[in-house]
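Asker: Got a structure for you, questions after.
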């Protein structure tokens, strides 16, 4: 299967969110970094514009000193009501969440907040493309799981059954994404192959 | 012109970003609140899923006390690299920025950061719908200006000419949005009328 990317022009790359993380020592690239690098690649090559949303924060106290930047002195992390990544590919709305687990045989659904799952449902109803990227960190495997499939496993949990997705179910219903060089995690390739009727 | 909204089901409404603002006294609704209310309306009626992005913040120091939530003790506001609002309508990627001015005869372009304008350009190239909502606060008028038009005025400024858009240009090239009850600022109605070929 060929991937046809629209246009071919180089864009000026805006500075991207890095979530304040800077130093990874010898740990290599994190999953989030891999995704951000992939998004930078898509952006620089005019393929897609996908950004990670800033972490939602509740600000309580801000100091406005003279002659220097406003300093936030008290704030708290808020539970996100949406997914972390969204943007545009060929005019379509793209929306996803990225999660990793150290588990070897299953992916625990407690990795998602109820709000995020409701958000995914809303996105799908409005014609957007919703999915999750799941990384099994011990084996460095990444899977693409369509939002509709995630909703099914979520419903199964709400019905009082499994609180996780078996790895073999992810293998069966998801799509394995080999780790590449550029882009590191080519999820657009999966979108191209499974949502053909959308474009 | 009739507006045809897809589906008609009520959704469960996720909690929305409110930017930490809570008390407006007798000031009435702010522009941001009006837009957030409109987005809630679109969401609750299954029309569109549009959220305001959280404010990007650079976290410097976090305290992790036992038995209570992590407390951010030092952080700074970052310059946003994208626009404030994005989401999905009929499968399409929607992206916009909302700005208001106290000026009566023009809208100063210094309200935008270069990064945001580059972001708009990228969105348009990838087939997304990009626009700005401009409010003249003294007269409480709101205009919808397509991203392509904004880019033209931006280029004019970069060429050393006007650093603002004349109000009469906004009236001529934009679309006036009457303030309604539900939704307060019905920008989807404008999208429906001017981007017909997109759907």
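Using the three backbone atoms N, Cα and C, a Cβ is placed for every residue, glycine included.
Take a look at what TrEMBL says about it:
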type	residues	note
BINDING	B:82, B:84, B:97, B:116	Mg(2+) binding site
SITE	B:99	site 'Transition state stabilizer'
Asker: Any same-chain residues 6+ apart from residue B:99 (site 'Transition state stabilizer') with CB under 8 Å of its CB? Would you list them in sequence order, or say none?
Answerer: B:107, B:111, B:112, B:132, B:133, B:134, B:135
Asker: Indicate whether residue B:97 (Mg(2+) binding site) is helix, strand or coil by DSSP.
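Answerer: Where residue B:97 (Mg(2+) binding site) sits, the three-state DSSP reduction gives strand.
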Asker: Among the recorded positions B:84, B:97, B:99, say which ones reach under 8 Å of chain A by Cβ distance, listed as they appear in sequence.
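Answerer: Listed recorded positions meeting the cut-off: none at all.
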Asker: Other than B:82, B:84, B:97, B:116, which residues of the chain come within 8 Å of the Mg(2+) site, judged by Cβ distance to the Cβ centroid of those residues?
Answerer: B:53, B:80, B:83, B:85, B:95, B:96, B:119, B:120
Asker: For the binding-site residues B:82, B:116, which one has the sparsest Cβ surroundings, going by other Cβ atoms within 10 Å?
Answerer: B:116
Asker: Sequence gap of 6 or more, C-beta under 8 Å: which same-chain residues meet both conditions with respect to residue B:84 (Mg(2+) binding site)?
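Answerer: Expected: B:52, B:53, B:96, B:97, B:98.
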Asker: Tally every other Cβ atom lying within 10 Å of the Cβ atom of residue B:97 (Mg(2+) binding site).
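Answerer: By my count, 24.
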Asker: Which three-state DSSP class does residue B:116 (Mg(2+) binding site) fall into?
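Answerer: Note: residue B:116 (Mg(2+) binding site) is helical by DSSP.
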